[in-house]
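S.K.: Sending over a structure as structure tokens; questions will come in a sec.
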Amino acid sequence: MQDWSEDYMFGYQFLNGCNPVMIKKCTEIPDKFPVTHEMVKDFLKKGVTLQEEITAGNIYIVDYEILEAVPTSSDLVFLTAPLCLLYKNRLDQIMPIAIQLSQTPGEKSPIFLPSDNEYDWMLAKMWVKSADFIVHQLVTHLLKTHLISEVFEMAMYRQLSKVHPVYKLLKPHVRFTMAINEVARGNLINENGVISEISSLNTNGTNEVIKRAMETLTYESLCFPETIKDRGMEDVLLKYYYRDDGMRIWEEIHSFVSAVVEIYYDSDEAVQEDVEIQGFVEDCRSGMNKSQKFPESLKTREELVKYLTVVIFNASAQHAAVNFGQFDWYGWVPNSPSTMRKPPPEQKGTVDMDYIMESLPDRKCSRKVLETTWTLSRFQMKEV
């Protein structure tokens, strides 16, 4: 993989790699990540302070807090919950300028910088990408496309008759979800499954990460335009193709769904009186642990259009964005290690290439990563 170790490529992947949903605009430096201007001044525009760059909207942050204290599968593998600060330079590249490998600052959790020893900096970036691999697989991919789509599919079968127009609208997008999820439960996320083989987590750790993600999952977080806005990622100067292409697809799906809804519902009252639709929405909410963060009913045609757009977009475009590039980005294991076999360094200047090689997945694990990501990246003939 060309330029995988370069800082610009590291930053680029937060925009257009397998997990382009973690990066957000930094409006203030969190207390748990005490980066100062003195630390990063050499990586910013000359004469401009860190606070001025934050105010200008040029500083971004990625936080893997969801992984804090998640139990690993054994004492032979390791997992951290890192933070990474990034800077949009004059070339509109997103460059990492500071990395902390835990959620708790201190003497044993130094802030790594691009000016550090090349091996310190390389390993720090690997730790970030290893955390990103876990969050991508379990949250961005598994939970927010596969498992969520299964809830929608199950509710569709339970509440909508086969002649209902919404059944016909949704089925092409979710019809294989339950089947492939059953395969995943039996081979990927089960005890001694693939995730346990290639990552630092067993089923207990996997379930804990998904549980934490479910606690913060909201309906709005599945609405593509809202997620972009909430993360402050509207800057048109960013080469954020995930956002740009995603917005076009969202708008086209929304337009198509709107046209279908207008054919079958001539008023908001017609939506309210459709007991199948209301049952479908309530069933979906029940499948989300009866979360108050999901609608329990739909009152207007526009609400119905948005709801169906969410279902279709996440089952199709969003899944494609976070699934089909896996072999491209994960096929070179040092770019995104699925696990780490050495503990994170607690001070600078202790890392060499031997330590890095001993930290990375071994040959057997790497082979399994390649096999798995190649298989997951294959496009099926009848996929929409």
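Cβ atoms are placed via backbone N, Cα and C, with glycine included.
Below are the features listed in TrEMBL for this protein:
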type    : residues               : note
DOMAIN  : 1-384                  : domain 'Lipoxygenase'
BINDING : HIS141, HIS146, HIS319 : Fe cation binding site
S.K.: What is the Cβ neighbour count of HIS141 (Fe cation binding site) at a 10 Å cut-off, with all protein chains included?
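M.R.: The answer is 21.
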S.K.: Around the Fe cation site (HIS141, HIS146, HIS319), what further same-chain residues have their C-beta within 8 angstroms of the site's C-beta centre?
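M.R.: Nearby residues not in the site list: THR140, LEU142, LYS144, THR145, SER149, GLN318, VAL322, ASN323.
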S.K.: Name the residues of the same chain, 6+ apart in sequence, whose Cβ is under 8 Å from the Cβ of HIS146 (Fe cation binding site)?
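M.R.: Result: THR177, ILE180, ASN181, ALA184, HIS319.
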